[in-house]
Amino acid sequence: MNTKVSRQYAKISENSIQKISLALATPEDVLEWSRGEVHRPETINYKTFKPERGGLFDELIFGPLVDYKCSVCGRKYRKSNENQLCIATKECKIRGSRILSKMARRYSMGHIALNAPILHFWFFKIDHSIIAKLLGLKVFEGNSKVPTTITKTAIENLIYYKSHIVLETGGLKSLEQNKIIDISEAGLIYKNALIEIIEFYPPGSEEHNALAESISELADVTSSKIGREYGVDYYELNEIIEEFSSARIATGALAIEYLLDKIDLRAEKAAVEAELAGVQKQIYKNKKIILKNQKRDKLYKRLQVINAFINSGQDPKMMIIRNLPVIPADLRPLVQLDGSRHSTSDCNELYRRIIIRNNRLKRWKAAHAPVIIIQNEMRMLQEAVDALIDNQKKSTNQVTTKEGRPLKSISDALTGKKGRFRQNLLGKRVDYSGRSVIVVGPKLKMHQAGLPRKMAAVLFEPWIIRNLIQEKKVGSIKMARKMIEEENPIIWPHVAKVIQNKPIILNRAPTLHRLSIQAFEPVLVRAKAIQLHPLVTAGFNADFDGDQMAVHIPISPEAIRETQELMFADKNILGPKDGEPIVNPSQDMVLGLYYLSQEKAGAKGEGSFFSTYEAMLKAYEFRSVELHARVVLPFEQVKPFIAKTMRGHLISTVGKFILNNIFPANFPFIFDDNVDELELNYPSQIKKYVLPYGTNFREYIQNLKVNEPLNKKAIAKIVRQIFDTYDGLLAKEDIATVIDQLDFGNYQNCVLLYEKLRDYKKQKLPVPHLSKLSEFTIFEYSQLYKQLQQNGPVESYRVLEDHEKAELLEKIWFKYNNMVCSILDKIKDLGFHYSTLSGTSIAISDIKMAPKKHEFIKEGENYINKLNTFYAKGLITDDERYVLAIAKWTQIKNDIQEDLNQSIKDDNQNSLVMMMKSGARGNISNFVQLAGMRGLMANNVKALKVDAENERVVRSIVEVPVKSSFLEGLTSFEFYSSTHGARKGLTDTALNTAKSGYLTRRLVDVAQNIVVVAEDCFSDFGFVVKDIIDTKTNTIIVPLLERIEGRFLNKDVYDSRGIKLASAGTMVDLQTAKKIVAAGIKKVEIRSILSCHIKNSVCKKCYGKDLATNRLVSIGEAVGIIAAQSIGEPGTQLTMRTFHTGGVANVEDITGGFTRLIELIDSHEHPWGKPAKISPYYGIITKISDLAEKNAANKGFLITIEYKTSKNEKAEHIIRIEQSQKLRVKVGDKVIPGQKLVEGPIILKELLAVSDARTLQNYLLKEIQRIYRMQGISISDKYIEIIIRQMLSKVQIIENGDSNFFIGSIVDISDYQEVNGQLISQNKNPAFGNVIVKGAKQIPLLSNSFLAAASYQETSKILVHSVISSQIDKLEGLKENIIVGHKIPAGTNSNYEPKSKFDIRNPLSFFMKNNR
């Protein structure tokens, strides 16, 4: 939208904004925005509290305080009179008082007409001074042939009137062009200039005499004490020089304005490009010239500023302010406090200072005061305006309050967490929301949450009021509101009625990933706490120790449908991070299921036969058979589906029969904890538990091995298989087509119609889905039939109304999609029930001591005594003794752990052991502390970067371990020793959480605009994947199976016999992946995000499977944000401690953890420890020689690599290695570019310089995966690929060819390819550039959207560069659309697929006549 056409910004509809541009405001622009000049520093009258006329809150300028009230005469008008002029009095007509809403005070601006030009603070202080870069002032000092560049500081001194500049030499040799005249050398420079000028005039002339007098006075002043201390009078001497010659010397903003007026931008550009070409040649000749590299970078930056002004066509003089805008009054409010005190925004004080100084300058000028006084006043005015623009960045003279607090300027209102971008534009406060403490709601269904009645009454107040009035319970809104406030019992039935089909959204801070916000169906509870389903706590990372949650209410019908379809907890079963269920039972539920599935040999009732399941339950209730006894039931009682093919009886425990009874009839029977791939292993597994007729049950059972009960891991595997079996396969549209064909006469045969449907894989529906769908359909139709019959007889062939069909569709669709959750709810109920029945309790007597503990402790003490003896004799150093002692105590603790493990192995009745083995709570490490020894404790010594670089031993572990266990009790020393570690754990966690949150924020900014936008980009450029192997330990980090599952193949896959296993362009499912791996294939070429051709986005085939839905990703999915959340969310689990156990803090120890992750993602050039040396060539290691032979002081090695040059000649390259670095190669080894020669982290820039982008991508992927996998966290490759793609998305231009790029500019890789493609097609010279790697901190700052970049970091720098280049934001990303109030271009606002897993269309739309 062209903002030049309309200045009525307040009336622009946010939906009509298509793009936003920034430019330098001209003085005319400011006058056009303004509704009057502010010329008085007063705000409000201290008696009347009314705004002062012409002051900072003037109602005529900024709008009325009361709606539609004349600011002059006080007469009130109606809304219909808005924008009219008041003509009630003569004064009203003279002043042009306009009738406005008080909202005008939020957008009406004023201005201050400055009495001196003022340079905008941002343009000489931000990013090493834009003014300095643009002018590029140089001066030839003396006889020097090389010019000296005038520094940023010198220009700042000039702006603040501390020094003067020679603007015109007037032919005087003593004055060099652009020479900055500093106070220390002013006397000599002026003296030489005057001596040179005097020669122009004959002796005895008036001019000669005047100049001679001036020279004499100057000599007296410079030799006097005052002259030496305070310098000379610049202004008088400048006037003399200007009067008697054509030279000109000036200072302040006027001098800068003169220089900006004279600059020839195109000539400057040509000069810079020529200089750049010369520097570039020197660098190519000698790549080690660091100073030349720095010079080149400075020239790049200068060229960028010059180009910005040329391309935008703006006048650089517009960086000088003549009319200062005054922001609307309500954006810098003055608030009345108790009594007659007022609190005001800091901006008002800053504006006040400007107005006072501006008025004073005006008076001095009118009084023709001496130049020095006027210049001083101009300097003070410059400082006052600077303080208003950016008070924080002022190095000196910050404007402060009485208490010494710097005042908040306009820049502070924009930047930081509390600034306009992040506080008000990206994050807003929400109406219809509340918060309360959460408690467990074990009786809730998965899609439900308990909402306190009081909260519901307030949140749904408008709907309740409407209901009360409609049902004539009250006569007015006021009465209804009073009734709700008083909690009148009449309202509760209406509250219950109103909340039907109105979902609520729950959010728990910190919102680390999308599962921290989920939706539920509200269930009213009488308490004051929100009740939460126990299975969804994992997604929220919530517990019930006082956590609070926020509640939000979606209001519009579209928002409600979106919430129900996309955000309901029963739709968020899988975690997006790894595609595994996140709703697995834990704690009490696991303990209950563990207890339920236990088997006991010889238990009461073992071998009993029951004819029915109910008879077995009755016997259990009468206690004639135990829960853990193995009994026999007829096959058809348990699995009627399979009974048709298998006959006989089934053996299991009473508990396992109860457990299996909650699963659908066609789900495999669970006999033991071997639950991997139940469907595949079922036939072989079932044989030993099925007995033919006539078998002696008791005898057979006695010989049968007792099975292990189900632990947490086994239950998680069962949940996964339940999801795979019963997760929805159809689209809503498919079920609608069946409902459309049914009536009350044929609904019983709906299964025939369902059999014709095909799932999203184009396959027939499996039997479990057919049976469940027909069951739901028959039930809902019969219910509707009964309901209609209450109003009279219903014909069987009656055609259903559209709204009836829509209602049926909603109910069947909900039940169909809720199949998995209904089973999970049954598992949850069973777990809680049997954990209660188990009566599990613990006592101190349950803790059994480690049998051989004291033997191990004795062994350790003897070893330590030996070490001390060796140290005393000087055989080992103190550091070596410390390292060996730590290693020994670590081994002793491991031995005690193993001993304890053996002693509790068969103790299945011990409650503590049950909790540990089931995975409900605690692990062997906790048990060792209770019953073995506490072990080594952390010290408060921190490993520093310098320790890692110098391989120092860091004593971060207390050498003397805590030998006692909690059962024995700690000694006073041991207790004191363990306090360090306990506190360190808590502080680390707190720091970790903050750093992890910051990492997530940066990653979101990096990848926020990556959305799935197309079906296929038709890229034929693949990505070869294989097992990610840690070359140091030779262990697999990520297996090939995980890397190819859910991805599209780029090439056909054949086995060793040439048989095709999978075709190119197909998505690899789990079975195909297993087949490929089983065939022994080591490498597979897949489609990858790293090779997707879509600009700033990705296509479905390059992305593959959406892990959260377990099917192909939908168009509109914001995969960039999901990737950022998936990498950032587990960040808190990554330990920030280095992994060394008190030994040498070397590189190997610091390979994992949060620190290394940040190094990789931010592309650090100085990582922890000594960086690895890498091979720059393809070659062979021919020699590894010892450096000590040549120079004893420098110990180390020289590695000689023999390689072939481009001319195929043999050459040698020698690399120096320090002695402390561990070699990874030997003589005769072949090396490739980028290969590590020694241990240590690789610097990403170095790797990119010697190899290619693909090598760097593989290295980053491997390293990031290794960090997470070491902590047991699995993250999908595709998320890391998205971040890597963004890190390598920029190209630096080295030759611009015929393109519009300029040398040194950093451009997006897709723009670079697009421009080059066009140039090549037109037979023109393409541009050449190098791919550069940028860290996550810098990528958002290089965004094409200045709104997205400015809302991230360095706001003022981004805005300055956007302004000088008149940048246009096309609002393509997510952040910028949120800022302007648009819907984001993703999800349901993009080209959303109708036949996806979730459908947000109105159910009526499927049955509308015009839709058929």
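Glycine residues also receive a Cβ, built from the backbone N, Cα and C atoms like all the rest.
Note that this is a predicted model, so its numbers are computed, not measured.
Feature annotation from Swiss-Prot assigns Mg(2+) binding site to Asp543, Asp545, Asp547. Annotation for Asp545 (Mg(2+) binding site): no same-chain Cβ neighbours under 8 Å separated by at least 6 residues are found. Asp545 (Mg(2+) binding site) falls within neither a helix nor a strand when secondary structure is assigned with DSSP, and so counts as coil.
Cβ neighbours within 10 Å of Cys1092 (Zn(2+) binding site), excluding its own Cβ and spanning all shown chains: 23. Marked as Zn(2+) binding site by Swiss-Prot on the basis of sequence analysis: Cys1017, Cys1092, Cys1099, Cys1102.
A strand conformation is recorded for Cys1099 (Zn(2+) binding site) in the three-state DSSP classification. Close to the recorded Mg(2+) site, the chain also has Ile438, Ala542, Phe544, Gly546: residues not among Asp543, Asp545, Asp547 whose Cβ is within 8 Å of the site's Cβ mean position. Counting every protein chain shown, 18 other Cβ atoms lie within 10 Å of the Cβ of Cys1017 (Zn(2+) binding site).
Remark: of the binding-site residues Asp543, Asp547, the most isolated position is Asp543 (fewest other Cβ atoms within 10 Å of its Cβ). Across the structure, Cys1099 (Zn(2+) binding site) and Asp547 (Mg(2+) binding site) are spaced 40 Å apart at their Cα atoms. In the structure as shown, the Cβ atom of Cys1099 (Zn(2+) binding site) sits within 10 Å of 22 other Cβ atoms. Asp547 (Mg(2+) binding site) and Cys1102 (Zn(2+) binding site) are 40 Å apart (CA-CA, integer value). Around Cys1102 (Zn(2+) binding site), a 10 Å sphere centred on its CB holds 30 further CB atoms from the protein chains shown. A Cβ within 8 Å of the Cβ centre of Cys1017, Cys1092, Cys1099, Cys1102, the residues given for Zn(2+), is found for these other residues of the same chain: Ala1014, Asp1016, Ser1019, Arg1087, Ile1089, Ser1091, His1093, Ile1094, Val1098, Lys1100, Lys1101, Tyr1103. A straight line from the CA of Cys1017 (Zn(2+) binding site) to the CA of Asp543 (Mg(2+) binding site) spans 44 Å.
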